[in-house]
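Peer 1: Feature annotation from Swiss-Prot assigns heme binding site to Tyr60, His64, His90; the stated evidence is a curator's inference. The feature disulfide bond is assigned by Swiss-Prot to Cys41-Cys115, with experimental evidence given as support. The signal peptide annotation in Swiss-Prot covers 1-27.
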Amino acid sequence: MKTGTATTRRRLLAVLIALALPGAAVALLAEPSATGASDPCAASEVARTVGSVAKSMGDYLDSHPETNQVMTAVLQQQVGPGSVASLKAHFEANPKVASDLHALSQPLTDLSTRCSLPISGLQAIGLMQAVQGARR
C-alpha cells in the first residue's frame, strides 16, 4: 500500500469519526429504549457505520486512481471555494464517480437523518482539509 493512500485513508477515517462524535455523545446521553432493542443511534452503531463507509470509500479510491489523486489534491488545498470547485469539476466530468461516492456514503447520510447528526459532504471535506493542515 502506498504511503499516500494509507495516509488518505487514515485522514478520511479520522474525519468520519470526528463527524460522528457529536451524535455518539447524544446517543450515550439518551435514555435506553423501552423495548430493549438495539439503538441504531448508539455510539457503537455510529462507529460501525462510520467505519464501514470509510472502508468502502478507501477501497473505491484504491480502485479509481484518478479520483484518489483528485481527492488527495483537494485534501492538500486550503479550505474554501477552490477546493469545492475542484471536486465539483471532477464530479461534473465524471458523473459515475459522483454517483458511486454518493451511494457509498448513503449509510452515513441515512444515519445522519435518522439520528439527527449534522453530517454533510462539504463538512467532511472541510474537516479532512483541517486535519491535513494541522499535520503540516
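For all residues, glycine too, the Cβ spot is worked out from N, Cα and C.
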Peer 1: Counting across all protein chains present, how many other Cβ atoms fall within 10 Å of the Cβ of Cys115 (disulfide bond)?
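Peer 2: 22, counting other Cβ atoms within 10 Å of Cys115 (disulfide bond).
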Peer 1: According to DSSP, folded down to helix, strand and coil, what is Cys115 (disulfide bond)?
Peer 2: helix
Peer 1: What does DSSP say about Cys41 (disulfide bond): helix, strand or coil?
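Peer 2: Its secondary structure by DSSP: coil.
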Peer 1: Roughly how many angstrom lie between the C-alpha atoms of His64 (heme binding site) and Cys41 (disulfide bond)?
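Peer 2: Distance between the two Cα atoms comes out at 32 Å.
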Peer 1: Hey, what's the widest CA-to-CA gap across Tyr60, His64, His90, the heme contacts in the record, in Å?
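Peer 2: Between the most distant Cα atoms of the heme site, 16 Å.
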Peer 1: Compile a sequence-ordered list of residues in the same chain as Tyr60 (heme binding site), six or more apart from it, whose Cβ lies below 8 A from its Cβ; state 'none' when nothing qualifies.
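Peer 2: In sequence order, the residues whose Cβ lies under 8 Å from that of Tyr60 (heme binding site) (at least 6 apart) are Thr67, Asp100, Leu101, Leu104.
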Peer 1: I need the CA-to-CA distance for His90 (heme binding site) versus Cys115 (disulfide bond), whole Å please.
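Peer 2: Here the two Cα atoms are 31 Å apart.
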